[in-house]
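Engineer: This is the structure I want to talk about, given as structure tokens.
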Amino acid sequence: MKKRLEYGDQSLWLRWLLVLFGVAINLLPAFLTNLTGVPLFLDTIGTVVVSCVGGILPGIFTGLITNALCSIYNGVSMYFAIVNILIAMLSALYMERFAYRGFRYKVYFGLAAGILSGGVGAYIQWHLFMSPQNVLIQDSIERLTMATGISYAATFAVVNTVVNIMDKALSIGIALNIIHFIPEKYKQKLIYAGWKQTPLSNEEMVAMRAWSKDAKHSMRTRLTALLFGVSVLVIIMMSVIEMRMYFHKDLDEKKEIATSAAKFAASIVDPNKIERFLQYGENAPGYKETEDMLYKIRDNAVGVAYLYIVKIEGEDMVFIFDLDARSDYENFGYEGDDEGYAPGHRVRLDEEFLCYVDDFKEGKIIPPTESDNSYSWIVTSFYPVYDSKGNCVCYAGADASVEYVAEYLMEFMWRVLLVMIGIIITILANGMWTTGRYLVYPISRMGLGVERFIKAGDNQVEIDKAVRDLRKIDVHTGDEVEMLYQSICNMALNQAEQIRSIRHFTENTTKMQDGLIVTMAGLVENHDESSGAHIQKTASYVKIIAEGLKKKGYYPGKVNDKFISDVVRSAPLHDIGKINIPDSILNKVGKLTREEEEIKRTHTTAGKKIMENAITTVSGENYLKEARNMAAYHHERWDGNGYPEGLHGEVIPLSARIMAVADQFDVLTSGKASSGKKYSFDEAINYIKERAGTEFDPKCVEVFLDSLPEIKVIFRKYNKEHG
């Protein structure tokens, strides 16, 4: 029988060596291709080797560690860890189901790996970088786009998939050759390392899964869902906290930059020329020079999109300087507002600043304020410009854009998600592996073993087999599961021994009861000088008839192994009532008188009473009930003309109908008939046959006649001995 699992903690370290070996195989060619710019990756060779030899979990670890180390020389490598992990999962699936199905499945494996990695890789690159990372691939895409007119995105997806198919075909070919040279004994140790129980055959795995189907909720599913939920929750919480911290830090930085820009702008504006600048605009002396200085301030203030000088009149701003919109820094600016307002242009204050109208009048410094209007999301800072007398003549305002921070956070979330998907899959795989080895497989296997023990019932052979099966599991998790297993084994072993002791006691009791039955029947037989081995012969005939009924399927609700055993055991007691009949009647030579015949017939009712007293004394012995039925009714007739109660048909107990045939046949062939005639074998058979359906149950007669060879053996045996 093919073994599927094997335990061996001593081989677990081989798995980690295999992982390190796989990482090394991945890193070396991947580094060389990255260094030379060759449009191949070759970073999954080791992943395929480890997944095929060691299983899915070591393969996933290999893929994740490979991409983590590759990020040392390739900063974006970690975003593609999911690709390496998917290749590990695909490789494990191939090894389990398709590795031995011929060369074409190897081709399918390469195509599937290439399409999978190409599609996922293209999606990641497009969303993160809008282009491939390899220069040669990028040049090829641009040339194909120009030559065919197909969109850049579609060409990118096709080219990237084709390149990945070639890359994965080469990688898988190298990996399968490496696997070929690994000794088989090491493969066995690697694939079976870490198991906490003895091997499971394929049949046992199927039976175990079938047993687990009845569970409403799988333990593995629950624990996996728990791990997944906790992992996702932790990642979400960490990401949200980190993004909030980053956002507030960047927002504070923007406020500081806007305040510094406004303060610097206020310092270079001549307060004595404000009215002339407002009245004459660009024609005023010094206006152009001041504007140039403001441009330089804005260009050197990172993130400041707008810089302006305004005069606050009530709830309006009157522009003195308004620089043209800046679009060269992160492409942020007011849409449709490329040119600044002309001097004297009046604009109402934003809602966020209406609460500062009084502060504007008093010339106070206005704190940086966020505003999210229809144009943009910005931080605005106003700083007053004072004249020599300390009066506020205008304000310098600076707008720093916050929108790019939000967009950067969205990109950051996408990158975190790509990295975390690989980590979550690794956590789930490790969790499923651990719960499988330490909980699911041991508990399910123990449950299956206990169920087999229960189903064994009172069959000692099956009970012993079930106990051996339980002990063979050999759970060694080193925790409460192992303690539970040991308790179950001890309980099953003790119960098996108790059942064995009870069985021996029952067998001895049964032998003693059978001996007493034979002894009691012998007393009756000795009381009746004409009986001549009657109890032995009738018991044998009864057994033949009862087994014949079962073989033909007659009376299926009644005839079973226990019924046959009870009838055969109690058959010797069918004439127990004769113990009450006087010897003078039992042993009388010649025909009995009517009165004597009536007395002799009372042996049926006497036998019934004796057996009922025995049943009352020995409670629970069902075979005595059949003895009572035979003792009371074995002289009843199928047509209702028998005695003592004149029962008919199937109203007569089946055991009595069987005994009626057996008893009458022996009476005829033993010369004990009321006529005194001794029938030959054939004459007795004809007698029984002719009275089927009148005196005897037709089905009992049928199986009796079908069993003539066995009947003849019994007849010859006892006729020879008792002649």
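Each position is counted from 1, following the chain as shown.
A Cβ is built for glycine as well, from the same backbone N, Cα and C atoms used for every other residue.
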Engineer: Pick from 44-64, 170-190, 191-211, 317-337: which stretch is listed in TrEMBL under transmembrane segment?
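Structural biologist: Comparing 44-64, 170-190, 191-211, 317-337 with TrEMBL, transmembrane segment matches 44-64.
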Engineer: Match it up for me: which of 141-159, 293-311 does TrEMBL list as transmembrane segment?
Structural biologist: 141-159
Engineer: Could you tell me whether the transmembrane segment (223-241) and the transmembrane segment (44-64) are in contact, taking contact to mean 3+ Cβ pairs under 8 Å with a sequence separation of 6 or more?
Structural biologist: no
Engineer: Cβ pairs under 8 Å only, please: of the recorded stretches 12-32, 76-95, 141-159, 223-241, which one is richest in them relative to the transmembrane segment (107-129)?
Structural biologist: 76-95
Engineer: How about long-range neighbours of the transmembrane segment (76-95): same chain, 6 or more residues beyond its ends, C-beta under 8 Å?
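Structural biologist: Same-chain contacts beyond the flanks: 26, 43-44, 47-48, 50-52, 55-56, 59-60, 62-64, 66-68, 70, 105, 109, 112-113, 116-117, 120-121, 124, 128-129, 133, 168, 175, 415, 418-419, 421-422, 425-426.
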